[in-house]
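S.K.: As annotated in Swiss-Prot:
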type	residues	note
TRANSIT	1-35	transit peptide
DOMAIN	36-306	domain 'Deacetylase sirtuin-type'
BINDING	57-76, 139-142, 248-250, 274-276, Cys292	NAD(+) binding site
BINDING	Tyr101, Arg104	substrate binding site
ACT_SITE	His157	active site, proton acceptor
BINDING	Cys165, Cys168, Cys206, Cys211	Zn(2+) binding site
Amino acid sequence: MILLPFHTRRLVSHVYCGLKPASQNKGIALEMTRPSSNLANFREAFAKAKHIAVITGAGVSAESGVPTIIGAGGYWRKWQAQHLATPEAFSRNPSRVWEFYHYRREVMLTKNPNPAHLAIAECETRLRKQGRKVVVITQNIDELHHKAGSRNLFEIHGSLFKTRCTSCGSVKENYKSPICSALAGKGAPESDVQDAKIPVEKLPRCEENGCNGLLRPNVVWFGETLDSNLLGEVEKELEMCDLCVVVGTSSVVYPAAMFAPQVAARGVPVAEFNMENTSATTTFKFHFQGPCGTTLPPALARHETELIS
């Protein structure tokens, strides 16, 4: 038996988003044991749970055909996401960054929720009628959970389909395709494609009266702080949950990498559904390996003890 220390200061003090290894700072020690893959035992815990927190990452959307931009092969042209998704990159070359996000927006407009998204949304709707709660905390910016029907939803890294004005701060939904005429036909990801070098005045602009400021995607970039109010709400949900389900997350991006280990530290069952083990897997009670579109639906299906309404 090995003990792994995890830092457990309040989440709102860990509001930086970036790729870095799991914390090894001193804190509450989590007992590391081999997690169970017994579905029947998980279903017993699921049947008893009144407040379920579902934490999702890029893996849940990969089965919808969404390109993963973190990890092996995660390139757009010759840049990795962490070299484009930064305030510094936008300041240096807003045209290139907007091409990158325009490409991602156009791709996402063609994608649909997969069985994992749908299982989570159906579970939320079904359990709500029983006076039980399911909340989804996602690192994804693709809005597929929303499209699937999830309503108790925290998009902690923002959305591809919202913009924020760099001048007045106005945040608006935006599903235009293309988002501006200058980006039409731009954004191809191949490494030999040259930058469009769009003049800044032709990039997406704010339509608030008298503003006309440059818009940026309303997403959290590497090195930026997350909304402390939003994280406060997330923390409340994690403190109240009596079951935590982790789906398709690599457990390397903070602060989300802390969420499930923090829940496990107070003795709440945590079930991980993932294609492979992560640095946090051995701190969880359950682990189900394989495509989440296959493993998750039977885990969240109606339990025999549920009343049919």
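Heads up, the Cβ atoms here are built off N, Cα and C, so glycines get one too.
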S.K.: Counting other Cβ atoms within 10 Å, pick out the least crowded of the binding-site residues Cys168, Cys206.
M.R.: Cys168
S.K.: What count of other C-beta atoms do you get within 10 angstroms of the C-beta of His157 (active site, proton acceptor), across all chains shown?
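M.R.: Result for His157 (active site, proton acceptor): 20 other Cβ atoms within 10 Å.
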S.K.: On a count of neighbouring CB atoms within 10 A, which of the binding-site residues Ser61, Gln139 is highest?
M.R.: Ser61
S.K.: Give the helix, strand or coil assignment DSSP yields for Ser61 (NAD(+) binding site).
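M.R.: Assignment for Ser61 (NAD(+) binding site) reads helix.
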S.K.: For Gly248 (NAD(+) binding site), write down the residues of its own chain that are at least 6 apart in sequence and whose Cβ falls under 8 Å from its Cβ; none is a fine answer.
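M.R.: Correct list: Thr56, Gly57, Ala58, Gly59, Val60, Ser61, Ala62, Ala116, Phe273, Asn274, Met275, Cys292.
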S.K.: Might you list, by sequence position, any residue in that chain lying six or more from Cys211 (Zn(2+) binding site) with a Cβ less than 8 Å away from its Cβ?
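M.R.: Listed in sequence order: Cys165, Ser167, Cys168, Ser170.
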S.K.: Write out the long-range same-chain contacts of Tyr101 (substrate binding site), meaning residues 6 or more apart in sequence whose Cβ is under 8 Å from its Cβ.
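M.R.: Residues satisfying the criterion: Leu160, Pro217, Val219.
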S.K.: With Gln139 (NAD(+) binding site) as the reference Cα, tell me which of the recorded positions Arg104, His157, Cys206 is the closest one.
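M.R.: Minimum Cα distance from Gln139 (NAD(+) binding site) across Arg104, His157, Cys206 lands on His157.
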